């Protein structure tokens, strides 16, 4: 039987592109882990993707996860667009390689290890975990330490 995990994520970016960060909370029963990191030059969409990726990569065993995200870009991507992108060799309807390909492929790989229920939440509406992830992401963006190698490609 798979462990049931709750994951909350958010991304932030100043300038878009500019310094950015992500925040994530992983919850299993009464245990909770927070994680965040900041990047020198990135975009908001990349940080939203990174939050989900890193949170899922923390899971050591296959789990059943409910992932709460406030990014419509990520939510639409994982529940709708990714199937056609993969079918068309990661190209969009204009036959161009999709943006953030490196992260979408990474999310696809890690997502296939788990049973995931994606849930969109409206940002800045008092959802406590989303507000905390937003805070973690903003603080990380204010103190960036890492280079987003994929953004520079």
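Cβ atoms are placed via backbone N, Cα and C, with glycine included.
Model, not experiment: these values are computed from the prediction.
In the shown protein chains, 31 other C-beta atoms lie within 10 A of the C-beta of residue 10 (Mg(2+) 2 binding site). Feature annotation from Swiss-Prot assigns Mg(2+) 2 binding site to 10, 134; the stated evidence is sequence analysis.
Its Cβ placed at the centre, residue 70 (Mg(2+) 1 binding site) has 22 other Cβ atoms within 10 Å. The Mg(2+) 1 binding site annotation in Swiss-Prot covers 10, 48, 70.
Swiss-Prot lists 1-142 with the feature domain 'RNase H type-1'.
Excluding the listed site residues 10, 48, 70, the same chain places 9, 11, 47, 51, 69, 71, 74, 123, 130, 133, 134, 137 with Cβ atoms within 8 Å of the centre of the Mg(2+) 1 site Cβ atoms. In the structure shown, across all protein chains, 48 is the one of the binding-site residues 48, 134 with the greatest number of other Cβ atoms within 10 Å.
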